[in-house]
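Below is one structure; the comments refer to it alone.
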Amino acid sequence: FSILVYFTWGITISFCSIVDCKGPPPRRSLEILTGSWPDETYPDGTQAVYKCRPGYRTLGNIIMVCKNGEWVAIKTTSMHISLERPCGHPGDTPFGSFQLTVGNEFEYGAKVVYTCDEGFQMIGETDFRECEADGWSNDIPVCEVVKCLPVRDPKNGRLISSAKDPDQEYSYGQAVHFECNAGFKLDGPKEIHCSENGFWSAETPKCVEISCKPPEVRNGYALSNKNIYRENERFQYKCNQGFEYSARGDAVCTKVGWSSEPSCEEVSCNPPYIPNGIFSPVRIKHRTGDEIRYECKNGFQPATHVNTATCTSGGWSPPPRCTLKPCDFPQIKHGQLYDEGKYRPYFPVAIGKRFYYHCHHNFVTPSRHHWEYIHCTQEGWSPAKPCRRQCTFNYLENGQYPYYGRTYIEGESVRVSCNSGYSLPNGQTKLTCTETGWLPPPKCIRVQTCSEIEIENGFISESQVTYPLNKQTQYKCKPGYVTADGKTSGLITCLQNGWSEQPKCIKSCDKPAFTNARAKINRTWFKLNDVLDYECDERYENKHKATTGSIVCEYHGWSDTPTCYERECRLPTIDAHLVPNPKLDSYKIGDVVRFSCKPGFTRVGPDSVQCYHFEWSPNIPTCKEKVLSCGPPPQLNNGEAKGIKKTEYEHSEVVEYDCNPRFLMKGISKIQCVDGKWTTLPICVEDESTCGDIPELDDGYVQPSSPPYYHGYSVEFNCTETFTMVGHRSVTCRNGSWTQLPQCVATDQLKKCKRPKIIIEGNIQHKNEFKHNESIRYRCGEQYRHSVCVNGRWDPALRCTNVQIQLCPPPPQIPNAWNMTTTVNYQDGEKVSVLCQENYLIQGKEEILCKNGKWKNMPRCAEKIPCSQPPHIEHGTVYSSASSNEMEDTTEPKVYAHGKKLSYICEDGFRISEDNEITCYLGKWSSPPQCVGLPCGPPPSIDYAVVSPNLNSYQYGEEFTYKCSEGFGIDGPEFTRCLGGKWSQQPKCIKTDCSGVPRFDNAVPIGREKDSYRSGEQLTYECVADYQLDGPNTVTCIKRTWMGNITCKDISCVNPPTVENAKITTRQKSRYPNGERVHYECNEPFDMFGEVEVVCLNGTWTEPPQCKDSKGKCKTPPPIENGDITSFPLAVYAPYSTVEYQCQNLYQLQGNRRITCSNGQWSEPPKCLKPCVISEEIMEKYNITLKWRDRGKLYSRSGEEVEFTCKYGYHQATYNPFRTMCQDGKMIYPRCA
């Protein structure tokens, strides 16, 4: 529609006149208008004078004048304002204060309110003053003290105060006290005071008679039935059976109640303290009649010969105690005491006694001497195991025996190694010397079963002691561990020579969870120390500001979490005339910033840049006042510019290039003139790829041509008669593929397009349908558009909405790619091909795409890192075709370029299991192959052996075991192993019999001798008279050699010891056999002290007797209570002999512990003073407790001091000191009440 606007021209004539003021002058809030003002208008120049309202005063003149129709204030030299009139300070009141509640100053209209201090009240009803025109209103209020009414004496009591007159009033804060007469007590407060409101703080108390109600007695009963007890009357009670008074048996009625709470506590015993013993049952408290049973530790026994005690009112009876226990006759397994028949009557014996003993054959004492002492100790006989088995390691059948001839004591073990294919029973690896000999026997047996195997960080799923041959068993790894192939479980098989392999469970890490990142390799698990490389998603970086990173599988998991954070870009310092849009503090990856220059300046560079993971690209533009034009565009190798060339191009003009056929464009296809310089040219790279045969078109044909069809080659199609082409006629070879074919549609089947609802221009507005290829012109706003009917569809689609086509900034300069610098924007859908620099490999898509105003599919150019030495494989090596001269030149460590391929070859007897090639890819080799051993035929025969193979073919690693003929034995391992098509070294069968019998000093073989002995056969020896075996008594025939040594030790004695004043009565010899006795007899008048005989024991004589004057000899030392001598008692002691005493545990020895025989009498023996048992019952009864109680100590030695203290709430009732001393089992207890 159209809007018509009409304009009319005219002439206006103006006149000037004086204007009057309407109405009287304006009223003011603080001023009063003087004079009379009845008229509706007032002439120009009329003046109005004002004065201040009451309470205000004037400073200067206040005048308004009528001027040009308005009332205007006249400015005078002095101020003309009204100020509020001040009143001054309102005045203070004693015992009170005031607060300004209206206004901020003491001036007209202000108000103050008075209040009295606490305990004072205001006289009168007015509590305020106001500032009026003539000063403050009202008088200053007065505050006087608050008073309370007089108080009277309570009945049966009296009032105590400072008042002289009983009718006197009391001022605020004054207090009065009350007291009751004898026999009465206060019922209410003892003191009241006059409060701030004029009332007493409480009611006057009463004096009531003192009385007590009978108390309730726990576990007891009252002795009288009185209901009320007066002051000082006594309440008496008794306890039920089994209970006793907690404190005392009565209570006194006082004005505060009963003097004590009557109660009865159950008679009980605390748990006893039994050193060196334990008791049961264990309870916190034991009742009267409860019985405990106790046991003493080794070396101790009950002191009363009964092991029970009963709880009584006096404590435990009898007191449970453990005393030292004597030693009974020792039962020595595999040994015996010297002359035990003689000494047996002396048992049991006291602690400290000792006796000779020896061990039987194959058993030894701890010192390995033939004769040894056994001691009676507090813990019993020592050593606890006098005789231990001695084992000699001579020979291990089918195994290695490096410890030949070494001896071991019972409990010791030796680790042995069996020959291959052999094992100790149950897969054991150690022989242990036991009471019955070696366990297991020293013989390695052929492995027919497999024993349980130890798996570090794993376990067998179905655990058994042994596993049958060919049994397949599953094993599992602990959490966090996997098998060598990355699984949580595996299988092993029991083969003839043991398990198929040693299972391994290696530390592993599962593939971690990635945050905004992805792994560079596709694996689900990793071994310890494996490195996992990762890269961040587009627009993200890790905490090290890098887009790639790596983590290591460590013992406790991954070294770090592969997390990437959204990257940001910040604008650098830009040209002062450059305006960014939008302008932010930071930008996310992918954000686009557009630039414009301020008026008068022209942009040099791109109009927009994009934030990438490698910062902004392209470079940020600048602004210049003047820019230069460019000459003709540069020539492109293997390509040319589109359009007509000019001699001069304006700033920002764009030229587009195409590559010649067979060449592929890499980089930016458009260049732009920027301030006199062209941006970077693209590159046309020769593309050797070709397309296949020209595709066939249904109902169409193409002009014949000959292959090859290189990149850029085009062909044109035509349709046969009665068919019409839909689509582009030309098809082009692009990157090895043909572009999309057109269609040939039957002409009579072409679809029509319906009339659109938009307005169509021209003379076809009446048509409702349009044929194929028919075009229309339509209007959208101020623009005209065209569309063509293509087989029933309008192309382009008909629409009038303004579609905002988003342009992308110039393509980015990707790191390590060929220069792509340009300032040209690209439209949505356009692509740019990326070419990496030399020695860099593109990762990702080769083309970036402009979509929704931003570049997508950013690739990376990764460096072609070389590889180090190729991985080593067993039984194989890298194949090299280099000559010997070349080999000499390559002794230095070599690196291999990216893409290099190497081949492996295997040793003789092995073959490649898979592809023999590996490839270097970005610094890492692909997985190498394996060399697998070839099978072997039947094993070879050997002399004197029985060979009966049951297979025609043996796999690599399989073994065959030989068996020698009778009389022959294997020399070396008894098996041969298949090692890649051939067998390992075979053993030999050698004659193994031993001839003759070996001879040893002072030893003879037992039994009939033979001319020869088979391997493994043993000979047993015995020593001749007066010699004793020292070590093993057997030798063994092992492969033609006798193994072992027999040693016989001389155990006879030479001359017996000489005894003064004595003679030997038995026949004397030059040598005495072991065990022979020599008898002594004292000369007159001497008596014998000690044993009358000495014995030859293990080459040494026992202790000889003494012959002394019989005068002054003593009999057995006197016994003492709770003690004994430390040595074995004799029937007679020589003069000046000494013995030593010792006391039982906790008993204190008093006197000299050593006594002496003098003149037939022993000196005074010592005493064993009893310890004190501190009674818990007495302490409870006397209301005392231990002051320093450590470790629950309830026993004290005689002479030790014990300190008591009163229980909480009690005080000393006797003069007995709290620190008392234990004296021979007795002490005096203090009392508390």
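Every residue, even glycine, has its Cβ placed from backbone N, Cα and C.
TrEMBL entries are annotated by machine, without manual review.
Between CYS1157 and the candidates CYS1114, CYS1143, CYS1172, CYS1206, TrEMBL records a disulfide bond only with CYS1114. When you check TrEMBL, the disulphide partner of CYS673 from the set CYS630, CYS659, CYS691, CYS719 turns out to be CYS630. Looking at the candidates CYS936, CYS1037, CYS1048, CYS1053, TrEMBL gives CYS1037 as the cysteine bonded to CYS994 by a disulfide. Here TrEMBL annotates a disulfide bond for CYS143; of CYS116, CYS131, CYS148, the partner residue is CYS116.
Taking all protein chains in view, 21 other C-beta atoms sit within 10 angstroms of the C-beta of CYS1157 (disulfide bond).
In terms of C-beta pairs under 8 Å, the stretch of 146-209, 389-446, 806-863, 934-991, 992-1050 lying closest in packing to the domain 'Sushi' (628-686) is 806-863. By number of Cβ pairs under 8 Å, the domain 'Sushi' (267-324) is matched best by 1112-1170 from the list 389-446, 751-802, 806-863, 934-991, 1112-1170. The domain 'Sushi' (389-446) makes no contact with the domain 'Sushi' (1112-1170): fewer than 3 of their CB pairs lie within 8 A, with pairs spaced 6 or more apart in sequence. Cβ-based neighbour count (10 Å, all protein chains) for CYS994 (disulfide bond) stands at 22.
Assigned with DSSP, the residues of the domain 'Sushi' (751-802) fall into helix, strand and coil as follows: 0 helix, 22 strand, 30 coil. Closest to CYS1053 (disulfide bond) in space, going by CA atoms and restricting to the disulfide-bonded residues CYS207, CYS630, CYS994, CYS1037, is CYS1037. In the predicted structure, the domain 'Sushi' (85-145) carries a mean pLDDT of 88.
In the domain 'Sushi' (806-863), the DSSP tally of helix, strand and coil residues is 0 helix, 23 strand, 35 coil. Within 10 Å of the C-beta of CYS1096 (disulfide bond) there are 22 other C-beta atoms, taking all protein chains into account.
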